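Structure record follows, encoded as structure tokens.
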Amino acid sequence: MELEFLGTCSGQPSKLRNVSSLALKLLDELNEIWLFDCGEATQHQILRTNIRLRKITKIFISHNHGDHIFGLPGLLSTRSFQGDVGPLTIYGPAGIEQFVKTSLRISKTKISYPIKFVTLEEGGKIVSERGFEVYTEKLDHRIDSWGFRMVEADKAGELLMDKLAEFKVPNGPLLGKLKRGEQVELADGTVLNGKDFLGPAKKGRVVTVIYDTRSTPSIRRLADHADVLVHEATFDASEGKLARDYYHSTCTQAAETASACHVGHLYLTHVSARYVGSLASQMVKQAREIFPATTLAKDLDKFVVPMKG
């Protein structure tokens, strides 16, 4: 499981940062990549990575402002040129289906694969498949904006081969059943319960993505004990009033959330283009005074989400 930041700037692209997009790479787990937002030129950023468009199976859209969706038509069109790419699902606010279909219709773009749209209307579980769940809640922005919490199912503990050695279980189906915690009967009639030979279960990982919003209680519900919190930080600590007036967050508000929610690591994104050089360093310093495990993400940064334990 790996995060790759494709765009980390707010509002409009700068020379150093493109607008919002984040790839959650689940290649080892599902052989899939999930995208969170798709601002202008996201597919250009992807050309600078090892991401293949055919691997993108889900796109989660936080809200319908242009810096978060203008890259969709081009990316969807280019994905059609990749051959048999399989279906894709887009989760987003009311209006995202109309935006995509209108853009494709007016440009006479034909898509070679099915696209399913899931309109976000209320908070709750929106994905449950193959050991992963995604939850969403509404945030506090000028238009409907949604945050996302991805939860990986717990992993079974490792088979304790030393403990099992005395029973001389042969390689094959019986070992597989024991690894799954099932009961088996050996050739001599001995009955073994797989649960007796498994180490402690490994907690699944949690990744929370929060784009445009003011501080609001739903963020903390989504971020509770997340391994990784990706949180917008449009402004630094000195611009609290500006952040509130424009329905955005400061770096210290993101850090306060990370601290209160006991997250593993905080990645700041959606940063105003004004924060470069010493101003960017100052922003990180402000956040780290509250939550030391903070990183100001840059375009094309990659971060592995480690397993617990």
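Easy rule for this one: first residue shown is 1, then count along the chain.
Note that Cβ sites are derived from N, Cα and C of the backbone, with glycine treated the same way.
Per Swiss-Prot, Zn(2+) 2 is bound by ASP67, HIS68, HIS270; the candidate from ASP140, ASP212, ASP224 named for the same site is ASP212. Counting in whole angstrom, ASP67 (active site, proton acceptor) lies 10 from HIS270 (Zn(2+) 2 binding site) by their C-alpha atoms. The residues near the Zn(2+) 2 site, meaning same-chain residues not in ASP67, HIS68, ASP212, HIS270 whose C-beta sits within 8 angstroms of the mean position of the site's C-beta atoms, are SER10, GLY11, VAL19, SER20, ASP37, GLY39, SER62, HIS63, HIS65, TYR211, GLU232, in sequence order. Taking the centre of the Cβ atoms of HIS63, HIS65, HIS141, ASP212 as the Zn(2+) 1 site, the nearby residues of that chain (Cβ within 8 Å, site residues left out) are SER62, ASN64, HIS68, LEU139, ARG142, ILE143, ASP144, SER145, TYR211, THR213, TYR247.
Separating the Cα atoms of HIS270 (Zn(2+) 2 binding site) and HIS141 (Zn(2+) 1 binding site) is a whole-number distance of 14 Å. In the structure shown, across all protein chains, HIS270 is the one of the binding-site residues HIS63, HIS65, HIS68, HIS141, HIS270 with the greatest number of other Cβ atoms within 10 Å. In the structure as shown, the Cβ atom of ASP67 (active site, proton acceptor) sits within 10 Å of 23 other Cβ atoms. Residues near ASP212 (Zn(2+) 1 binding site) in space but far in sequence (CB under 8 A, at least 6 apart, same chain), listed by position: SER62, HIS63, HIS65, HIS68, LEU139, HIS141, SER145, GLU232, THR234, TYR247, HIS248, HIS270.
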